[in-house]
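Summarising the annotation, TrEMBL assigns substrate binding site to ASP24, PHE25, ASN26, HIS65, LEU66, GLY67, ARG68. Feature annotation from TrEMBL assigns (2R)-3-phosphoglycerate binding site to ARG41, ARG124, ARG172. Taken from TrEMBL, the feature ATP binding site applies to LYS221, GLY313, GLU344, GLY373, GLY374, ASP375, THR376. According to TrEMBL, the feature region 'Disordered' maps to 419-438. Marked as transmembrane segment by TrEMBL: 457-475.
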Amino acid sequence: MSLLSKASLEDAALEGKRVLMRVDFNVPFDKASGEISNDQRIVAALPSIKFALEKGAKAVVLMSHLGRPDGKPSEKLSLKPVAKRLGELLKRDVTFLDDCVGEKVEQACASPADGSVILLENLRFHIEEEGKGKDQDGNKIKADSAAVESFRASLTKLGDVYVNDAFGTAHRAHSSMVGVQLEARVGGFLMKKELDYFGAALQNPARPFVSVLGGAKVEDKLKLIMNMLDIVNIMVIGGGMAFTFKKVAGMDIGSSLFDEPGAELIPKIMEKAKAKGVEIYLPDDFVAASKFGADAEYKVVSEKDGVPEGWMGLDIGPESAKRFADVVKSAKLVVWNGPMGVFEFPNFAKGTKTVMDAVVDATTSGATTIIGGGDTATCCTPEYFDTEEKVSHVSTGGGASLALLEGQELPGVAALSEKKVRETPKPATKAPSVASASRTAQKKAKGFLATLEANPVATAGVVALGLALVTLALTRNN
């Protein structure tokens with residue numbers, strides 16, 4: 001699957017069409033007030049919505065999930081407050097429908113007023129969206145396959161053009177991601193940006209290409225590591241999983257995180273890195289803590305001394321952070337997935353912050369830098385390091401970006417139409433100019449006369465033919 005060959009919103013004919021758009025309005029709510037606490041995901045969808053309206057779409061019908069209602073309606077997880085906030089942001093009325101499928105919804109979307117914006121109720125109120133859920137007793141249940149087909153058919157009736165702008169759910173084969181059977185299925189602007197960046201990184205990377213990996217378990221990141229070893233030049237490994245590498249190498253890690261199943265995989269990883277010529281950088285100093293907590297006693301320890309018994313490593317040390325930063329600054333392409341330490345605690349955030357500063361510097365120097373969603377994306381928010389606008393791209397999809405980096409095909413992307421190849425028109429044959437035609441005629445005449453001069457018999461024949469034609473003309477005139 002080529003990420004760069006998928007059709008996008010700009011490739012679709014939208015005028016007079018009902019645009020059925022899958023968005024990600026899975027926004028957080030304040031528990032006390034019940035108000036939306038962060039509307040960034042709604043704001044992020046505005047460019048695609050506005051573009052469709054500006055291009056003359058008859059209506060934009062929006063569908064999304066919110067939370068995990070497990071296939072049952074839940075007032076707490078209704079999208080009704082989202083419709084209100086969306087209307088405020090768009091400065092226009094947004095019609096909210098209290099369901100997402102069925103006859104009433106189909107009728108409401110069949111011939112809406114020109115320029116309408118419609119938001120459907122939470123897709124996950126129906127078990128047919130995810131294909132599974134829970135019954136009233138909390139037991140896991142599966143959706144009936146015929147009901148899933150009916151659900152998908154009803155969604156399909158709500159639009160003429162399908163737009164997917166929910167990259168964060170693209171790794172899920174949910175009905176709204178893969179089951180809408182409209183002929184035109186394109187990516188929205190958010191989806192396009194994700195595919196452009198990851199497509200360039202994974203299919204045509206600039207070099208040197210440095211991947212920075214963190215996170216807890218080697219086993220959880222094995223597919224990612226093995227896939228990235230095929231394409232990167234340098235791999236930097238920090239975070240909790242670095243301690244598993246270090247223990248396998250003989251270091252005392254105290255009570256630090258240790259992934260026993262992952263430890264068995266490390267020889268395989270190192271063997272592939274060697275075969276592919278990939279340099280792997282691991283930390284050689286650490287910030288150890290007396291306990292897991294923001295108020296823990298802490299100190300820097302070396303690889304030689306190890307982490308004291310009963311203590312745990314919660315960050316890479318200052319020397320390792322500087323070494324990693326230097327590597328990052330030398331890159332032309334950086335893909336980062338997973339923090340270097342427990343950045344939520346200020347005393348254990350310095351390693352992640354140092355590497356983040358290096359990523360920003362690399363971006364300023366012209367490198368392409370991609371933050372792969374999840375916890376690493378959280379690091380970029382104003383609450384922490386506030387670097388969202390200082391790197392090339394912060395992915396909106398933690399699980400989706402991880403799946404891409406693992407080399408997986410994303411169902412929601414695979415379902416999109418391919419871009420149509422536009423045939424290059426053949427240049428028209430240029431008619432000769434009058435002057436050119438005249439010169440050609442003169443050349444032919446000269447050649448003809450030369451032939452006659454060289455052949456007296458031919459000359460006599462031509463003269464005879466000429467006299468015959470003159471005689472015929474005179475006869476007709478009389």
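In case you wondered, yes, glycine gets a Cβ from its N, Cα and C as well.
With ARG172 ((2R)-3-phosphoglycerate binding site) as the anchor, the candidate binding-site residues are PHE25, LYS221, GLY313, and the one with the nearest CA is PHE25. For the recorded substrate site, residues ASP24, PHE25, ASN26, HIS65, LEU66, GLY67, ARG68 set the reference point as the centre of their Cβ atoms, and the other residues of that chain within 8 Å of it by Cβ are VAL27, SER64, LEU77, ASN122, ARG124. Within the group of binding-site residues (ASP24, GLU344, ASP375), the Cβ with the highest number of other Cβ atoms inside 10 Å belongs to ASP24. GLY67 (substrate binding site) is 34 Å away from GLY313 (ATP binding site) when you measure Cα to Cα. In the structure shown, across all protein chains, GLY313 is the one of the binding-site residues GLY67, GLY313, GLY374 with the greatest number of other Cβ atoms within 10 Å.
Highest local Cβ density among the binding-site residues LEU66, ARG172, THR376 belongs to THR376, counted as other Cβ atoms within 10 Å over all protein chains shown. ARG41 ((2R)-3-phosphoglycerate binding site) is 6 Å away from PHE25 (substrate binding site) when you measure Cα to Cα. Among the binding-site residues ASN26, LEU66, GLU344, GLY374, ASP375, the ones whose Cα sits within 10 Å of the Cα of ARG41 ((2R)-3-phosphoglycerate binding site) are ASN26. Remark: ASN26 (substrate binding site) has ARG41, SER64, HIS65, LEU66, GLY67, GLY168 as non-local neighbours, by Cβ distance under 8 Å and separation of at least 6 in sequence. In this record, (2R)-3-phosphoglycerate is bound by ARG41, ARG124, ARG172; the longest C-alpha to C-alpha distance in that set is 18 Å. For the recorded site, PHE25 (substrate binding site), the DSSP three-state label reads coil.
Checking Cα-Cα distances from ARG124 ((2R)-3-phosphoglycerate binding site) against the binding-site residues (ASP24, ARG68, GLU344, THR376) with a 10 Å cut-off leaves ARG68, in sequence order. Other Cβ atoms within 10 Å of the Cβ of ARG68 (substrate binding site), summed over all protein chains shown, number 13.
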